[in-house]
Amino acid sequence: METQRASLCLGRWSLWLLLLGLVVPSASAQALSYREAVLRAVDRLNEQSSEANLYRLLELDQPPKADEDPGTPKPVSFTVKETVCPRPTRQPPELCDFKENGRVKQCVGTVTLKEIRGNFDITCNQLQSVRIIDLLWRVRRPQKPKFVTVWVR
């Protein structure tokens, strides 16, 4: 009788462990990679944009140090560039060519890697193009001193 109870108890524990094993992998499968989270942020940027063309990821800065919790907001920094695809086409931006002399924006903010929540807090600012002539003028132009130190004996 005692062995039947022990066997029944062991069977229940085995069932619980099996169920737990099925649940844990599905939870970890819902975490996005850093790049996937940024690509979703770019998609959200395109959805909310009022500009004529889609933007596509141009450059992604290094991901932050590993953090085990996918629900913790991660800092991101990336650059997007305007493509030739009009926004209403709803074509994936990855399939669009970059527009020659298209706008470039630097984006910073935070993303969460949890697929369910997928929170994004991103701000993008257009980068100013600098002509080489302007840059050379700034470098060669003599700088006026802002202050002078005079030593008196």
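Any Cβ shown, glycine's included, is placed from N, Cα and C.
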Disulphide bridge to Cys107 as given by Swiss-Prot, partner from Cys85, Cys124:
Cys124
Which cysteine out of Cys9, Cys85 is the one Swiss-Prot pairs with Cys96 in a disulfide?
Cys85
I'd like the number of other C-beta atoms within 10 A of the C-beta of Cys96 (disulfide bond), please.
18
Express the distance between the Cα positions of Cys85 (disulfide bond) and Cys124 (disulfide bond) as a whole number of Å.
19
Name, in the order they occur in the sequence, the residues of the same chain whose CB lies under 8 A from the CB of Cys107 (disulfide bond) and which sit 6 or more residues away.
Ala41, Leu45, Val76, Ser77, Phe78, Thr79, Val80, Ile122, Thr123, Cys124, Asn125
Cβ-Cβ neighbours of Cys85 (disulfide bond) (radius 10 Å):
21
When you measure from the Cβ of Cys124 (disulfide bond), how many other Cβ atoms are you left with inside 10 Å?
19
Should Cys96 (disulfide bond) be counted as helix, strand, or coil on the basis of DSSP?
coil
